[in-house]
């Protein structure tokens, strides 16, 4: 660190940033996220960095660096530099990893003397969006109380912590090698994927370099798609939200399986050798059965969200397992897992948390363990999926509702609530409806699932029509 004088005047809370912080909570279900140049700017990132540094110093005993990583978006470097300057102004040293998956930032934060970590990414969002995710010293996502303290600082309502030094910025991309090695070590005696042909869709994102290198070092034959960091194409018609290219490649290459990551690689979905998608529900079921057989799943508990398929729930309960649902968002899953002492949880979308190895969702680690699980089983991933459970037909449709009040308070729409009640009456205990406002995009998400596909299609279409007629 370098000596500083009157450091407290280095970062000034400007009125327009204070106004942004006053309007709505900046932190959503997965950090701060928005359109770059509109909601998310370099001046805002700098002040978020400053107040993040202040809050982490107070929570972490006023010593230790902050680990910063980023995905491949064109705006990520700009925002990382702005945020790092704010951290330095708060008297915090910055260890900048450069391109690194979000779980890599969490891992390196936890396994170092860092007081926190920050990831610049908007996960699965389009290239024009970006975000800021903050982690505590233990590598878990920052709790709501500390997020609120950062927001209070941005509003000019927080007192800064006195200091007499500037922080320094150190570019240390080689630290990500420790994260890669930790994934390999977590496999133990099964760290050998020889004989498996695996297709990886890296989504032009944060895992573009690390994941193929890891799987090749484990002995797998790897076919890599979208495997360069490309800020113009990140998540565009590829990755975990667009599986078609991966499915086609698995079939064309005669591969055993494939894995698709999102832009920051904290989630993953799989494709089996028949080209079928394998979502987070199936991954949780298969990994849960393995952990239970190894007596590493306390209470046979799996924690997931309200989005999990009814077929998954009933199949897990049928084998004696405990099935716990939370609100959507991996931070809610993580909190419930910690409260219950559960070791496995996640989301249908591919955020998988295994507390034997990590405190956050980790797409690369999950993919490696699924591949090792298949290798050890002696049968194909397709066969394992067929032996697990039959999911209920499920449809998820998004309705774009720009008006935040209407979107977040959709329950006030009588026509929509009446339509939902009619659907629930019709399906009884053989189906369900879930309507919720997205925490990361201006979308109202409408999900219907039931034993009969015709019912699902009918009620999904009807509910979308009602929402579009009364909320837009």
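Note: Cβ is positioned from N, Cα and C throughout, glycine not excepted.
123 is the residue from 123, 140, 388 that Swiss-Prot records in the Mg(2+) site together with 262, 264, 266. Taking the mean position of the Cβ atoms of 123, 262, 264, 266 as the Mg(2+) site, the remaining residues of that chain whose Cβ falls within 8 Å of it are 71, 101, 102, 121, 124, 205, 206, 261, 263, 265, 267, 363. For residue 266 (Mg(2+) binding site) paired with residue 123 (phosphoserine), the C-alpha to C-alpha distance reads 8 Å. Its Cβ taken as reference, residue 266 (Mg(2+) binding site) is surrounded by 33 other Cβ atoms within 10 Å in the chains shown.
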